[in-house]
Amino acid sequence: MDKGLHFTICVVTTVLLLRESSQAGEENDPEVLAAPRSDSRGAGEGLPTLTVTTILEDPYVMVRGAELEGYCMELLAALAGMLRFQYRVKVVGDGQYGAVAAGGNWSGMIGEILRREADIAVAPLTVTSAREEVVSFTTPFLQTGIGILLRKDTASQDMSFFHFLSPFSKETWTALLFAYLLTCFCLFLVARLSPCEWNEPKNEENHFTFLNSLWFGAGALALQGATPRPQALSVRVIAVVWWLFTLALLAAYIANFTALLSSGSEQLPIQTFEDLVKQRNLEFGTLEGSSTFYYFKNSKNPIHQMIYEYMEKRREHVLVKTYQEAVQRVMDSNYAFIGESISQDLAAARHCNLIRAPEVIGARGFGIATTQASPWTKPLSIAVLKLRESGDLDYLRNKWWESSCLRRSRERWGPLEPPALGGLFLTLGIGLALGVLAALAELSSSSRRAAAHAKKSCCSVFTEEICTRLRIKGTARQSQEPSGKGNA
C-alpha cells in the first residue's frame, strides 16, 4: 500500500514538472508571448480563438516579465470582452509594420495577415491606401499625424537681446503703448476740465500738464507713487482704474515671463518641415519601410520631395529600424526624427529633454487590420466606436500617455495676445469714459452756479469755462491787454 502511494506521488510530481517546463519554454519564446490575464477574461467553451500579431512599441505593447501590456493590450482585452472571443498574441517576426518588398511581397504585420499567419493586427498600424488595397481596416482607434522630434539643446537657439519682451506679443505691446498715451491724455484733459484741480484757471497753471501726466502714468506702471496727486473725483477715478490696470498687467507679465524662464523652451528655429530642410546642423530620418517614409515618397509637395530625396540618398545613415532606436538616437546625437506625432508626444512626456516641433502634417489614424474577407472587420469597428463613445479610449489615452515631466510644453506657452487681455483693456476704457463724464459733470455743476450768480445762460458759461481751461494762456493774454492799454 505504501509503495503504491509512493509511486502515485512520483507520477504526479513528474507530470507537474513536465508541464511547468513546457510552459517555461513557451514564455521564453521571443515571438510568441501570451497575455494570460487577458485570455482568462475571454476564456470560455465554444468561443473562437484569434491569432493577433503586434509589434513591440512603448506604450502600445511592452514586455513585462512573461506577459505583454500596454495600450493595445488593454484595447484588445476590451474588444474580446465585448465580442466574446479568445486570442493568442504573437510579436511580428521581422519587427516591421508592413511595406511592399522588391518582389511585391508584403513584410511585417501586413504580410503575416496576408499569409494567414495571423487573423488580426492590433498595433499602432497606420491606415494607408496601399495597405487598404490588400487588407481591411477598422475604424481608427487613435488619431495622429507626422511631426518632428528634436532634442531641446540641439533645437533651441540663444535668447535674443530683447528676450524680456517675449511674454507679450507685438500687438499687445502696441496696445499697451496706446493705452498708456490715451490714459495720460485723459488725465491731462480731465484735470483741466475739473474745477477741483484749480481755483483760478485764469490766473494759475494746472499741475497736471501733459508731461506731468506722462510721469504719473509711468510711475503707476512701476508701482511707484508720483506727483502731482489728484484731487478731483474724476481724476481719481482715472488714476484708480489705471492703477488696477497696471497691477493686473504686471501680474500677467511676471507670470508669463517666469513660466518662460522656468520651462527653458526658447523659440525653436525649427518650427516647420521647411525649416528642417533649410538647416544643416541636424540629420533627419524616419522608420525604414514605415507609412511615413512612403508619405514623403508619394507627396507632390516640393518640401516633402526634398525630405524624401535626402532620406533616400542617405538611407543607411538616417533611416532607423525601431522607434526605440529613433528616440535614443535623437537623445544621443544631432538627429531629428520624423514620425507619428502621438508617439513623439509620448517621448517628449517621458524624456524631458525632447520636444516636438509645432507643425503636424498628414492627419491619419491607427486601425486594426484584418483580412479582406474577415467577418470580424465590421464588429470590431462597431466595438471601437462604442469604446470611443463611452470614453474608454480617452481613458486609455490619458493612462498610457501620462507625462512624468514637470515642465511646461512650448505648445501650451506663447506670448499673450490682445484677446487674452481684452477684458483688462475694456475695463480701462470704461474707467476713462467714466472719468471724462465725471469731469464734465463737475464742470457743468460749477457752470450752473456761476450762471445763476452772473445771471447768464448756463450753456454760454459752460462754453466759456471749457475755452478758458483748454486755452488758458491765450485767454489770460487777452484779459491782460485791455488793462495794459488803460494804464498807458
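Each residue, glycine too, has its Cβ placed from N, Cα and C.
Per TrEMBL, the range carrying the annotation region 'Disordered' out of 27-46, 467-486 is 27-46. Highlighted in sequence order, Y97, L125, V127, T128, T144, S290, R364, F366 have their Cβ within 8 Å of the centre of the Cβ atoms of P124, T126, R131, S291, T292, E340, the residues recorded for L-glutamate, and are not part of that set. For R131 (L-glutamate binding site), the spatially nearest entry among the recorded positions I270, K297, C352, K386 is K297, judged by CA separation. When the recorded positions I270, C352 are scored by other C-beta atoms within 10 Å, I270 scores highest. A straight line from the CA of C352 (disulfide bond) to the CA of I270 (site 'Crucial to convey clamshell closure to channel opening') spans 18 Å.
For T292 (L-glutamate binding site), the same-chain residues that are 6 or more apart in sequence and have a Cβ closer than 8 Å to its Cβ are T126, I146, T286, I338, G339, E340, G362. Note on K297 (site 'Interaction with the cone snail toxin Con-ikot-ikot'): other Cβ atoms within 10 Å of its Cβ, all shown chains, come to 14. Around the Cβ of E340 (L-glutamate binding site), 27 further Cβ atoms fall within 10 Å across all displayed protein chains. Considering other CB atoms within 10 Å as the measure, the emptiest surroundings among the recorded positions R131, K386 are those of K386.
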